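**Student:** Right, I'll just put the structure down here and ask away after.
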Amino acid sequence: MDPLGAAKPQWPWRRCLAALLFQLLVAVCFFSYLRVSRDDATGSPRAPSGSSRQDTTPTRPTLLILLRTWPFHIPVALSRCSEMVPGTADCHITADRKVYPQADMVIVHHWDIMSNPKSRLPPSPRPQGQRWIWFNLEPPPNCQHLEALDRYFNLTMSYRSDSDIFTPYGWLEPWSGQPAHPPLNLSAKTELVAWAVSNWKPDSARVRYYQSLQAHLKVDVYGRSHKPLPKGTMMETLSRYKFYLAFENSLHPDYITEKLWRNALEAWAVPVVLGPSRSNYERFLPPDAFIHVDDFQSPKDLARYLQELDKDHARYLSYFRWRETLRPRSFSWALDFCKACWKLQQESRYQTVRSIAAWFT
């Protein structure tokens with residue numbers, strides 16, 4: 001035995017123990033910090049609550065978005081993006097072409113350039129790093145000269161769900177609390193079926209279907225050459241009907257327009273749809289929120305079904321159960337532009353769309 005072993009001092013062990021305790025304390029503080037930071041960055045659209053502390057993160061410059069034209073050359077009211085969805089980023093959005101050299105993004109609405117695209121596109125040379133967005137809410141038959149746009153655009157923005165920026169005509173969102181609307185007042189539904197149509201083409205699929213349907217069922221048609229529908233009275237008029245013919249003028253994937261989201265759902269009428277497939281509609285709506293013409297072998301069978309629902313209140317009301325948890329929302333130009341703003345905030349890579357025509361048609 002080493003005679004000096006009994007006399008070996010103990011303080012090095014105390015120092016090691018103190019060091020271990022200190023490291024443990026540092027680790028606890030570090031992981032607590034990580035947990036709080038992760039909670040603050042969940043991606044929730046809500047702004048951080050009760051945030052009185054100063055943020056030391058450098059402020060990111062506000063991005064500048066230029067509208068090449070107002071949609072259909074009609075100015076629209078713009079809102080701050082952070083007011084539309086609290087907690088989200090803002091951009092400066094303008095139609096003033098003088099800011100073109102400084103713009104981070106240019107939104108080009110196809111309808112307003114399609115008569116002569118190359119002469120109506122933004123001028124060359126394009127500022128370095130500037131992104132161009134092809135924006136369109138019309139179906140392929142209404143979009144001419146797409147082939148002239150090859151390799152000009154960086155992002156797509158449309159009603160198609162496979163767009164870089166998805167801008168549907170409407171959507172459903174959960175109620176934040178209890179539904180704010182009263183139950184459906186059936187006594188106010190004094191009429192059966194309505195259809196408001198402005199673009200009447202006798203050889204179109206929807207007009208042909210209507211003509212077969214109305215041989216078995218009374219349908220009140222509003223619009224040119226039909227019943228007048230004074231401006232400002234549309235919702236009041238359509239709200240009297242139990243069913244609304246949400247017949248699209250073109251049958252293409254995801255092309256589900258205001259005919260359903262506004263004319264039918266905002267009027268609390270059950271939509272009878274003619275458009276893409278039932279499975280396509282069910283990507284955006286509960287299966288019991290609408291009636292699809294494809295569910296019936298003939299317009300006569302559909303007419304019989306609507307007449308049955310008219311007499312069976314319980315079955316008719318079953319088409320409104322989804323409203324207990326969901327509510328319909330309709331698009332706005334301002335919100336669509338804000339979606340482009342948020343995409344620009346998130347998307348760092350620079351890409352080029354080789355062919356708009358090959359993708360969209």
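Heads up, the Cβ atoms here are built off N, Cα and C, so glycines get one too.
These numbers come from a predicted model, not from an experiment.
Taken from Swiss-Prot, the feature N-linked glycosylation site covers Asn154, Asn185, and the record attributes it to a curator's inference. Taken from Swiss-Prot, the feature region 'Disordered' covers 39-58. Marked as topological domain 'Cytoplasmic' by Swiss-Prot on the basis of sequence analysis: 1-15. Residues or ranges marked as topological domain 'Lumenal' in Swiss-Prot (evidence: sequence analysis): 35-361. Per Swiss-Prot, the feature transmembrane segment maps to 16-34; the stated evidence is experimental evidence.
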**Student:** List the residues of the same chain that sit at least 6 positions away from Asn154 (N-linked glycosylation site) in sequence and have their Cβ under 8 Å from its Cβ, in sequence order, or write 'none'.
**Tutor:** Arg131, Trp132, Ile133, Tyr350, Gln351, Thr352, Val353
**Student:** Other than its own, how many Cβ atoms are within 10 Å of the Cβ belonging to Asn185 (N-linked glycosylation site)?
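**Tutor:** Here the count is 9.
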